[in-house]
Amino acid sequence: MRIAVYPGSFDPITNGHLDIIERAAELFDRLIVAIAKNPMKKPLFTLEERLDMLRETLKYYPNIEIDSFEGLTVNYLKAKNAQVIIRGLRAISDFENEFMMALTNKKLVPWVETIFLMTKAEYSFISSSAVKEVAMYGGCLKGLVPEYVELKLREKFQKEGC
């Protein structure tokens, strides 16, 4: 069985993430979308809220599992018997950091592969940070995030959208 892990903070999941997830799910028997708990980041949404948004957004994909983990991604892959890390790229500027992380992961666990997927051009400008800022100021989120996530952002900031 070909198993891949798509790790991220998903604070919140965007349509850019969803694009990568949908395409990766077609390439693997099982795709684990895993929230990486990063003590260096202060997320807007709690871990449970982010898991809920992922579960709701991805509930119709039979080969996708939702999970969370702490520690090194490569250790999580070993625990899940996964062979591949999926990483999404919005622009060439994302590549340098992602490439260095892929090399580090390969050094730690030589059999781990990293596959980079370019997001569709229509999503290349979307980031979780930008989405949170748009939501905070009551801007229109249509086309940026799944509907359920838009609802949760509106609740969090108590702002109306478009």
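Using the three backbone atoms N, Cα and C, a Cβ is placed for every residue, glycine included.
Sequence annotations record features per position, and here Swiss-Prot assigns ATP binding site to Ser9, Phe10, His17, Gly88, Leu89, Arg90, Glu98, Tyr123, Ser124, Phe125, Ile126, Ser127, Ser128, Ser129. The substrate binding site annotation in Swiss-Prot covers Ser9, Lys41, Thr73, Arg87. Residues or ranges marked as site 'Transition state stabilizer' by Swiss-Prot: His17.
Sequence features, as recorded in Swiss-Prot, placed on the structure.
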residue: Ser9; record: ATP binding site; Cβ contacts under 8 Å, 6 or more apart: Ile35, Ala36, Asn38, Lys41, Pro43, Arg50, Ser128
residue: His17; record: ATP binding site; Cβ contacts under 8 Å, 6 or more apart: Gly8, Phe10, Gly88
residue: Thr73; record: substrate binding site; Cβ contacts under 8 Å, 6 or more apart: Val5, Pro7, Ala36, Ile85, Asn105
residue: Arg87; record: substrate binding site; Cβ contacts under 8 Å, 6 or more apart: Tyr6, Glu98, Met101, Ala102, Thr114, Ile115, Phe116, Leu117
residue: Leu89; record: ATP binding site; Cβ contacts under 8 Å, 6 or more apart: Phe95, Glu98, Phe116, Leu117, Met118, Thr119
residue: Ser124; record: ATP binding site; Cβ contacts under 8 Å, 6 or more apart: Gly16, Arg90, Ala91
residue: Ile126; record: ATP binding site; Cβ contacts under 8 Å, 6 or more apart: Thr14, Asn15, Gly16, Arg90, Thr119, Leu144
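Pairwise Cα distances among Ser9, Lys41, Thr73, Arg87, the recorded substrate-binding residues, top out at 19 Å. Look at Ile126 (ATP binding site): DSSP puts it in coil.
Neighbour counts were taken as the number of other C-beta atoms within 10 angstroms of each residue's C-beta; across the binding-site residues Lys41, Ser128, the minimum falls on Lys41.
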